[in-house]
Amino acid sequence: MAPNIRKSHPLLKMINNSLIDLPAPSNISAWWNFGSLLAMCLATQILTGLLLAMHYTADTTLAFSSVAHTCRNVQYGWLIRNLHANGASFFFICIFLHIGRGLYYGSYLYKETWNTGVILLLTLMATAFVGYVLPWGQMSFGGATVITNLFSAIPYIGQALVEWAWGGFSVDNPTLTRFFALHFLLPFVIAGITIIHLIFLHESGSNNPLGISSNSDKIPFHPYYSLKDILGLTLMLTPLLTLALFSPNLLGDPENFTPANPLVTPPHIKPEWYFLFAYAILRSIPNKLGGVLALAASVLILLLIPFLHKSKQRTMTFRPLSQTLFWLLVANLLVLTWVGSQPVEHPFIIIGQMASFSYFTILLILFPMTSTLENKMFNH
């Protein structure tokens, strides 16, 4: 038999073992599509981002007009920008669903894969934040000032740290320049960590909805899951294109159509929708350092999830009590997202505080307790 280059060539062999002949569980559902969708999001964002960077000027006097110029005068510049801005939203939708899938089906028990995933989430959040500053609109400036200022809550070194990050005594030209450098660099860092994420995943193989070993029943990735991934891609690209073409500014803030002015503060500084849940947790603590710690904890708590798994079963498929708790957590996050978009006044303050408290309570206390209870129930 003639040697197959796909299986013998050093580079093609790696691609083959990762994307073609990879043995995959036969029963993984559409919830397992989001990994490949995230890869597609990253590819799209890097491509559109490169095209935008070719027309962008990282200078406080020119940034806003260079973005306007891209939209007005560059061939399809408006489309590239709208795809890039809304592509970020879809990136976050996919990553939230991907994390939710991991929580529900106990995928976090692959600790290395889970931890690299959390690092990817943090890097993505950093990338989105520095990217939002680049158009240099009012909300870009306000957001940059507020969020970088949070570092000043760190005892002793805080103030020095903030001024070091700013490159001066306020958010100014050096800040914009370094944010552009970071926004250009970080997506490639994400691509690198993604490869590590995949290496760890392929050490164990995929989990499945039943949470049991699938070694006895594997199917090749191609054509089954390659085709399924293409279907997932079309189902994601359709709403993305619809949003970018019909309502490109739906998720944006009108304040960002005004060029940045350090002398005027927007009435309500709020981040993009995908940060609102964390922003609500930050605001619900009436102390700067406490708020910053809660903000960090809201995402870093994911690192604790594997250690809080007390159930004898891996997935929640056959655990109705944990399922109820899971959907309560989802509803709780939606409430936090909504509260984060509202002004700081009654009743939103108390709603935010209650939602923040219940967020941590569900994850740290109720999940382990419920799992232990279910274990006892299964024994009878």
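Heads up, the Cβ atoms here are built off N, Cα and C, so glycines get one too.
Annotated features, as they stand in Swiss-Prot:
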BINDING   HIS84, HIS183  heme b b562 binding site
BINDING   HIS98, HIS197  heme b b566 binding site
BINDING   HIS202  ubiquinone binding site
TRANSMEM  34-54  transmembrane segment
TRANSMEM  78-99  transmembrane segment
TRANSMEM  114-134  transmembrane segment
TRANSMEM  179-199  transmembrane segment
TRANSMEM  227-247  transmembrane segment
TRANSMEM  289-309  transmembrane segment
TRANSMEM  321-341  transmembrane segment
TRANSMEM  348-368  transmembrane segment
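Positions of the features from Swiss-Prot, shown on the structure.
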residue : record                   : DSSP (3 states)
HIS84   : heme b b562 binding site : helix
HIS98   : heme b b566 binding site : helix
HIS183  : heme b b562 binding site : helix
HIS197  : heme b b566 binding site : helix
HIS202  : ubiquinone binding site  : helix
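Only sequence-distant pairs (6 or more apart) were considered; of these, fewer than three Cβ pairs between the transmembrane segment (348-368) and the transmembrane segment (78-99) are under 8 A, so the stretches are not in contact.
The Cβ of HIS202 (ubiquinone binding site) lies under 8 Å from the Cβ of ASN17, SER18, LEU22, each on the same chain and at least six residues away in sequence. Through the fold, the transmembrane segment (227-247) approaches residues 30, 33-34, 36-37, 40-41, 79, 82-83, 86-87, 89-90, 94 of its own chain, all at least 6 residues removed from its boundaries and within a Cβ separation under 8 Å. For HIS98 (heme b b566 binding site), other Cβ atoms within 10 Å of its Cβ number 20.
Same-chain neighbours of the transmembrane segment (289-309): 99, 103, 106, 108-109, 111, 114-115, 118, 121-122, 125, 150, 153-155, 277-279, 281-283, 356, 359-360, 363-364, 367-368, 371, counting only residues six or more beyond its ends whose CB sits under 8 Å from a CB of the stretch.
When Cβ-Cβ distances under 8 Å to the transmembrane segment (114-134) are tallied for each of 78-99, 179-199, 321-341, the top count falls to 179-199. Across the structure, HIS84 (heme b b562 binding site) and HIS197 (heme b b566 binding site) place their CA atoms 24 angstrom apart. In the structure as shown, the Cβ atom of HIS197 (heme b b566 binding site) sits within 10 Å of 21 other Cβ atoms.
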